[in-house]
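Q: What TrEMBL shows for this protein is this:
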{"type": "BINDING", "residues": "Ala54, Glu75, Leu83, Trp363, Gly370, Val371, Ile372", "note": "FAD binding site"}
{"type": "BINDING", "residues": "Gln149, Gly150, Asn151, Val152, Arg193, Arg194, Glu205, Gly370", "note": "NADP(+) binding site"}
Amino acid sequence: MRVQNVKLLFSELKLWTSRRSRWINRLHDGVNGCGKASFSSCNPKVCIVGSGPAGFYTAQHLIKARPDVEVDIFERLPIPFGLVRFGVAPDHPEVKSYGAEGNRRMGVPGEDLTGVYSAKDFVGWYNGLPSCQELSPDLSCETAVILGQGNVALDVARVLLSPIDILKSTDITQPALEALAKSQVQRVLIVGRRGPMQVACTIKELREMVNLPGTRPEMVAADFDGVTAALKDLPRPRKRLTELMLKAALENPGEKEQERRNKASRIWGLRFFRSPIEVLADPNHSRTAGIRLAVNRLEGSGEGACAVLTGEVEDVTCGLVISSIGYKSLPIDPLVPFEPRKAIVPNTMGRVHQATGLYCSGWLKTGPTGVIATTMNNSFDTARSLVEDMNSGNLDVSSAKPGSQIVSALLEKRGVKPVTFSDWEKIDNVEMRRGEAKGKPREKILTVDEMLQVARA
């Protein structure tokens with residue numbers, strides 16, 4: 001069954017719990033109490049660390065392929081669903097999808113100035129990730145620059161420019177909604193180091209930007225030189241995406257569209273062939289005042305084209321810079337193999353190298369790439385590898401092992417009381433009630449402490 005949204009994830013989770021699969025949140029030390037395992041048997045036992053889409057899809061396939069398997073899902077936070085809850089734009093509930101905890105740094109002077117944020121943290125802020133609630137981004141500037149042209153970059157641009165009445169009906173957090181209502185951002189530039197035919201977003205995301213109420217596109221016609229002639233050789237998805245960009249950039253709009261654009265108070269635009277080389281500070285060297293971009297040219301063509309510096313630079317005045325150049329996984333433990341250059345756990349079809357019995361799924365396995373459907377197939381592959389190893393005898397599951405009982409004993413020793421599935425349902429119900437009172441699908445609880453208070457009530 002393909003998971004389309006949070007409600008389906010909830011229902012699948014309930015199905016798994018009824019089939020001897022249990023979800024337990026592992027919380028920080030210092031909370032009194034203990035968690036007791038409810039069963040012990042000779043059945044194969046699998047522990048999944050992380051309750052994001054990759055974890056759930058892996059569990060789903062395991063249970064369907066081997067109904068005798070007992071699966072325990074452990075999560076650091078009191079709430080499940082990972083990127084489904086914290087990474088997907090609040091106005092995209094139809095696709096709400098141990099991942100990549102770190103950010104890829106730009107590696108340029110000034111990136112630590114006030115006013116520079118990673119897309120991961122900015123998205124976490126408006127989606128209610130507890131660790132990002134102190135971000136409080138300053139939205140008092142007129143122009144924002146987003147570095148990167150993938151779907152996350154367009155998500156951020158859309159949230160910055162969307163009419164508040166649209167955002168009010170989503171599960172965006174109340175503090176973010178209030179900040180965006182006061183925002184002075186009127187212009188968002190979405191910058192990429194390569195050209196229109198290498199842009200990384202999907203046509204759906206771009207179409208939403210083109211049709212976003214109250215906005216109009218602002219492109220540089222010269223960026224599209226030669227693109228029309230190359231259309232005939234493009235694969236169909238890339239061709240359709242490029243045609244939409246060309247239409248927004250070069251075509252004279254019809255009367256109705258022109259009227260819409262004339263009324264627009266906010267502007268967005270794609271900027272190509274640019275790479276950041278420095279974030280520029282204000283005279284007091286206290287916050288962001290602009291960004292210096294290197295001008296590139298392309299060598300090669302198609303997806304394999306490389307950006308090469310021309311020696312020219314361009315300064316853009318802005319007060320907000322958001323880097324959307326990718327997430328990055330972090331090492332888990334010194335005993336777990338890790339490839340720092342690729343930021344993944346080295347594996348073959350999910351089997352971790354030189355670590356029998358250890359498997360990986362999601363971005364820790366592949367790097368931060370693809371969409372929810374990619375994660376689903378990726379996770380199914382890992383689960384198939386595990387089932388194959390069980391069935392072939394390469395993984396010995398014949399002897400009885402304590403499974404989650406050993407973890408429960410460890411938590412008890414440390415004085416940690418886990419949040420169980422029924423505890424999570426309390427949090428879920430409170431969030432849904434609070435959201436209903438505001439005409440939203442949910443109003444997220446923003447701190448771990450309040451989550452625990454609700455769960456233990």
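Every residue gets a Cβ built from N, Cα and C, even glycine.
Please treat TrEMBL annotations as automatic predictions, because they have not gone through curation.
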Q: Counting Cβ atoms within 10 Å across all protein chains shown, which of the binding-site residues Gly150, Gly370 comes out on top?
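A: The residue with the most neighbouring Cβ atoms within 10 Å is Gly150.
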Q: For Gly370 (FAD binding site) and Val152 (NADP(+) binding site), determine the Cα separation and express it in whole Å.
A: 11
Q: For Gly150 (NADP(+) binding site), identify the closest of the binding-site residues Glu75, Trp363, Val371, Ile372, judging by Cα separation.
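A: Nearest listed residue in space: Val371.
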Q: Relative to the Cβ position of Arg193 (NADP(+) binding site), how many further Cβ atoms are located within 10 Å?
A: 22
Q: Looking only at Leu83, Val152, Val371, Ile372, which of these binding-site residues has the biggest number of Cβ atoms within 10 Å around its Cβ?
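A: Output for this query is Val152.
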Q: For Arg194 (NADP(+) binding site), identify the closest of the binding-site residues Ala54, Glu75, Leu83, Trp363, judging by Cα separation.
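A: Closest recorded candidate to Arg194 (NADP(+) binding site) by Cα: Trp363.
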Q: Please report the distance from the Cα of Gln149 (NADP(+) binding site) to the Cα of Ile372 (FAD binding site), rounded to the nearest angstrom.
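A: Just about 18 Å between their Cα atoms.
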Q: What are the sequence-distant neighbours of Asn151 (NADP(+) binding site), meaning same chain, six or more residues apart, C-beta distance under 8 angstroms?
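A: In sequence order, the residues whose Cβ lies under 8 Å from that of Asn151 (NADP(+) binding site) (at least 6 apart) are Ala200, Cys201, Thr202, Glu205, Val371.
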Q: For Leu83 (FAD binding site) and Arg193 (NADP(+) binding site), determine the Cα separation and express it in whole Å.
A: 26
Q: Roughly how many Å separate the Cα of Ala54 (FAD binding site) from that of Arg193 (NADP(+) binding site), to the nearest whole number?
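A: Distance between the two Cα atoms comes out at 30 Å.
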